[in-house]
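The block underneath contains the structure these notes are about, expressed in structure tokens.
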Amino acid sequence: MALIFANGHSDVPSTQPPIGKQKKEIGRESVNYHPSVWGDRFAILTAHEIEVDEITKQRAEKLKHDVLKMLHNVSVSLQDLNLIDEIQRLGVGYHFETEIENAMKRIYNSRDNDDDDLHAVALRFRLLRQHGYNVSSDVFKKFKDEKGEFKASLRENVRGLLSFYEAAYLGTADDTILDQAIDFTTDQLKSVLPNLNPPLSELVKLALDVPLHKRIERLQSRYFISIYQEEKERNEVLLEFAKLDFNVLQSLHKEELSQLSRWWKDNDFARKLPFIRDRLVECYFWILGVYYEPRYSRGRMMTTKVISLTSIMDDTYDVYGKLDELELLTTAIERWEWAAMDELPDYMKLHFSALLTAVENFEEELSKEGKAYRISYFKNAYTKLAKAYLEEARWASADYVPTLEEYMKHAQVSSAYPVLTLSSLLGMGATATKEAFEWAINMPNAINAISVVCRLKDDITSAELEQQRVHVATAVECYIKENGTTYEETCKLFKQKVDSAWKEINKEWMDPLQVPREIIKRAVNFARVIEFLYRYKDMYTESAGETKECIAMVLVDRFVD
């Protein structure tokens with residue numbers, strides 16, 4: 001039961017049956033996954049549906065230079081802080097990374113903490129922490145009264161409250177004032193929301209749903225462009241550039257998805273493996289959340305293939321495969337040889353063949369750049385994942401319920417996030433050095449914390465289908481059996497553990513790193529995707545509703561004049 005592909009939603013029983021002495025027969029389960037909500041839509045896209053005209057591209061390039069001029073003139077004023085924030089939230093910050101980083105250095109070195117404007121202080125704090133500067137949260141002490149409570153006057157400052165709310169989610173374990181800020185601002189924003197008007201009300205609703213720090217960047221940009229165009233004090237040049245750039249970038253994303261959809265269709269996975277979830281488009285959207293910028297195009301193509309093949313593997317281990325067959329598949333993956341396919345049942349051969357072909361193609365391309373060593377790291381990580389899946393299948397067969405400690409130690413691998421994080425480095429450029437792969441394979445604190453977020457977010461929204469078939473116990477069930485708690489008590493505790501894991505992620509982001517932030521950001525972005533997809537149910541498996549709407553916003557709908 002891998003984290004990234006859990007199934008459905010239900011309450012977990014408040015008690016766990018005793019560990020069975022007899023092995024259960026696993027495999028050949030019947031799970032009614034809905035078919036792809038996209039069909040062949042992206043596989044048959046025409047050039048007209050994908051391409052953006054040259055006039056649009058030229059206009060976007062001209063506007064880009066206009067925005068660049070604005071950045072050359074930035075100082076440390078609130079107006080300039082707002083400009084940088086708007087550029088990033090509108091999704092065009094990737095064009096100006098050097099200029100923004102230079103501006104953030106100036107802002108940090110200015111040490112200007114004297115402002116009594118809550119919005120200004122919170123915005124400065126958030127931007128600096130987003131860029132890795134470990135500025136002190138003591139700057140917010142000035143907003144408390146003599147009783148140690150946040151001043152009552154702050155309740156009237158909705159923009160300030162919203163900025164403070166967003167900033168508070170970049171806290172670490174040492175930032176107790178930010179924990180207090182989350183409680184205070186959440187209560188106040190919920191209280192005033194019914195009395196607000198757009199666009200401010202839309203910003204508040206968006207933030208209360210998922211805070212900015214935990215949002216998928218591309219989806220956040222799509223929302224923010226629509227909200228920003230209603231702002232009275234909007235920057236028209238910046239707004240037009242953001243819309244055009246969104247359309248230009250969407251064109252590239254459509255082309256990538258079209259190629260991947262044809263690969264998926266040519267392999268005929270959905271028809272030949274009817275027990276799997278047909279979710280190629282959702283997989284691409286997932287990886288678009290990890291990196292959307294043009295320079296990561298190859299990385300998206302490679303990682304989407306990996307995650308979609310991992311989804312097939314997960315359904316094989318979790319739903320369809322019998323234990324003796326899963327033993328054979330695990331051995332075949334350990335060998336990484338075509339000859340190993342002879343030992344597999346016919347239905348496993350398609351997946352195994354596609355996996356070997358994909359990895360061989362990756363290796364051939366990377367060899368031309370002297371980067372073939374990356375594949376050995378991938379094979380190592382993927383083999384560990386297969387072994388972890390097999391161990392969970394054995395647990396399910398034996399009706400074994402581990403302790404939470406044993407479960408979580410195992411889940412660091414079976415969550416699939418270590419292998420997916422490493423996979424996201426395969427197609428990257430020079431930043432993904434051998435040292436970066438060593439960092440990823442050795443499970444650093446950042447990846448451990450992200451695995452906790454992903455594992456527990458999944459298990460809190462544990463699936464109804466999990467309860468309808470033989471399955472490995474979830475973290476919730478493990479804890480309930482071990483401690484005799486209720487479902488509600490356990491979920492509350494796990495949400496606290498998720499919050500603590502995010503604080504560790506934030507700490508790792510700001511502390512001196514073994515690898516560049518460009519590398520660690522891939523791992524952090526995986527956690528952001530999970531925060532979105534597992535807010536209240538498994539929106540990967542059940543992708544016909546909100547998931548489809550969000551994918552359409554990013555990959556179908558263009559901005560028009």
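In case you wondered, yes, glycine gets a Cβ from its N, Cα and C as well.
What Swiss-Prot records for R277, D314, D318, R455, D458 is (2E,6E)-farnesyl diphosphate binding site, and it gives similarity to another entry as the kind of evidence. Classification of R277 ((2E,6E)-farnesyl diphosphate binding site) by DSSP places it in coil, neither helical nor stranded.
Summarising the annotation, Swiss-Prot assigns Mg(2+) 1 binding site to D314, D318 and lists similarity to another entry as the type of evidence. For D318 ((2E,6E)-farnesyl diphosphate binding site), the count of additional Cβ atoms within 10 Å of its Cβ stands at 29 [all protein chains shown]. Following the DSSP three-state reduction, the secondary structure of D318 ((2E,6E)-farnesyl diphosphate binding site) is helix.
Residues annotated as Mg(2+) 2 binding site in Swiss-Prot, with similarity to another entry given as evidence: D314, D318. Its Cβ placed at the centre, D314 ((2E,6E)-farnesyl diphosphate binding site) has 23 other Cβ atoms within 10 Å.
Per Swiss-Prot, the feature Mg(2+) 3 binding site maps to D458, S462, E466. The number of other CB atoms found within 10 A of the CB of D458 ((2E,6E)-farnesyl diphosphate binding site), across every protein chain shown, is 25.
Summarising the annotation, Swiss-Prot assigns region 'Disordered' to 6-26.
Positions annotated as motif 'DDXXD motif' by Swiss-Prot: 314-318. Mean pLDDT for the motif 'DDXXD motif' (314-318) in the predicted structure: 95.
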For R277, R455, listed as binding-site residues, tell me which one has the smallest number of other Cβ atoms within 10 Å.
R277
Need one number for the (2E,6E)-farnesyl diphosphate-binding residues R277, D314, D318, R455, D458: the maximum pairwise CA distance in Å, whole number please.
20
